[in-house]
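Feature list (source: TrEMBL):
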- 18-95: domain 'Cytochrome b5 heme-binding' (DOMAIN)
- 124-142: transmembrane segment (TRANSMEM)
- 148-169: transmembrane segment (TRANSMEM)
- 265-288: transmembrane segment (TRANSMEM)
- 308-329: transmembrane segment (TRANSMEM)
Amino acid sequence: MGKGGEKGEESGECKPQVRSYTWEEIQKHNLRTDRWLVIERKVYNVTQWASRHPGGQRVIGHCAGEDATDAFQAFHINPSLVQKFLKPLLIGELAPGEPSQDRDKNSQLVEDFRTLRKTAEDMNLFRASPLFFSLYLAHIIAMEALAWLMVSYFGTGWITTLILACILATSQAQAGWLQHDFGHLSVFKKSSWNHIVHKFVIGHLKGASANWWNHRHFQHHAKPNIFKKDPDVNMLHIFVLGESQPIEYGKKKLKYLPYNHQHEYFFLIFPPLLIPVYFQIQIISTMIKRRFWADLAWAISYYMRYFITYIPFYGILGSLFLLTFVRFLESHWFVWVTQMNHIPMEIDCEKHKDWLSSQLAATCNIEQSFFNDWFTGHLNFQIEHQSLKKSGDLWLDAYLHK
């Protein structure tokens with residue numbers, strides 16, 4: 001045999017053999033200590049990498065044992081760049097006879113969605129307008145300046161303070177919507193630019209943590225309205241949601257609160273306390289426990305700016321009260337825009353739906369207008385309230401009769 005043949009033989013011997021896996025085998029690896037996932041029919045072992053994942057390890061864990069192609073495409077603006085991190089994690093691919101989708105998902109629906117997404121990308125429908133986001137940021141900063149000018153020229157009377165609080169609450173709410181877009185990496189083409197501005201907006205303009213928001217919010221989008229996976233529907237036993245949870249609580253005779261009245265005490269607990277109490281405690285504790293020191297520095301810069309601005313007018317206690325009242329107003333705004341788009345929709349345990357179906361099941365209809373777009377930060381969903389009462393009635397029936 002000639003040298004060319006020997007080289008070819010040697011090359012054949014050195015070429016690594018690609019292992020093939022069935023969905024039955026892949027679905028076994030969905031534990032905290034053993035995580036596999038599939039992206040474009042390639043099988044990856046992400047067990048060790050999960051703890052280093054910039055978006056948090058939980059969002060990866062939620063996709064373990066499944067096809068994560070659409071989630072991967074949705075969360076990464078430059079998938080080809082991320083491929084270099086995936087290469088060392090590659091352990092094989094789906095066996096030739098295996099479908100691209102797990103658990104009998106509708107392959108045609110998935111392919112149609114991917115075709116639609118590609119068409120939208122080719123039409124540049126995802127391209128952001130720098131002018132729009134510049135003006136959006138400018139109007140937030142303008143409101144901050146207006147609040148300071150008001151107290152400087154008109155003093156600290158009740159009417160001035162009330163108007164000032166409303167302006168600051170509006171500024172905070174709008175900054176919340178703005179950071180959402182940067183947090184999703186949807187403004188700039190480069191991820192690093194999005195991250196920098198995101199930290200500035202959520203950190204310096206709001207006093208919150210970019211990493212806290214990312215780790216929490218990405219889980220919501222990966223598994224919207226799924227108990228134990230979407231933190232936005234983790235109600236800490238204060239409310240029961242959907243149709244399955246109330247019945248489960250009722251059968252187990254769990255009564256942390258009178259859930260048949262939850263549609264009434266909702267107004268007293270959720271809107272007033274979510275941001276001023278729950279989120280503030282969670283944000284500060286998360287930054288310290290997980291050592292998000294950069295986020296903590298940004299948050300400190302917000303509080304320094306705020307107190308330097310308002311202590312000369314209101315003193316320390318007065319400034320604290322004003323800040324709490326602003327958070328109180330913002331919390332109502334935030335709850336009505338965000339939480340009400342979850343409660344009316346399907347809320348249940350993991351059903352392993354395809355990406356498109358899971359997103360649609362957790363999304364309300366949208367009614368567009370200039371004011372709605374601005375008020376909701378382009379998250380303008382219809383608001384329904386009867387869902388809480390329905391869930392409470394289901395709990396009471398199961399509690400009393402099952």
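Using the three backbone atoms N, Cα and C, a Cβ is placed for every residue, glycine included.
A TrEMBL annotation is a machine prediction, not a hand-curated record.
Under 8 Å from some Cβ of the transmembrane segment (265-288) lie the Cβ atoms of residues 208-209, 211-212, 238-239, 257-258, 295-296, 299, 324, 327-328, 330-332, 334-336, 339, 388, all in the same chain and six or more residues away from its ends.
The average pLDDT the prediction assigns to the domain 'Cytochrome b5 heme-binding' (18-95) is 91. According to DSSP, the secondary structure content of the domain 'Cytochrome b5 heme-binding' (18-95) in residues is 31 helix, 20 strand, 27 coil.
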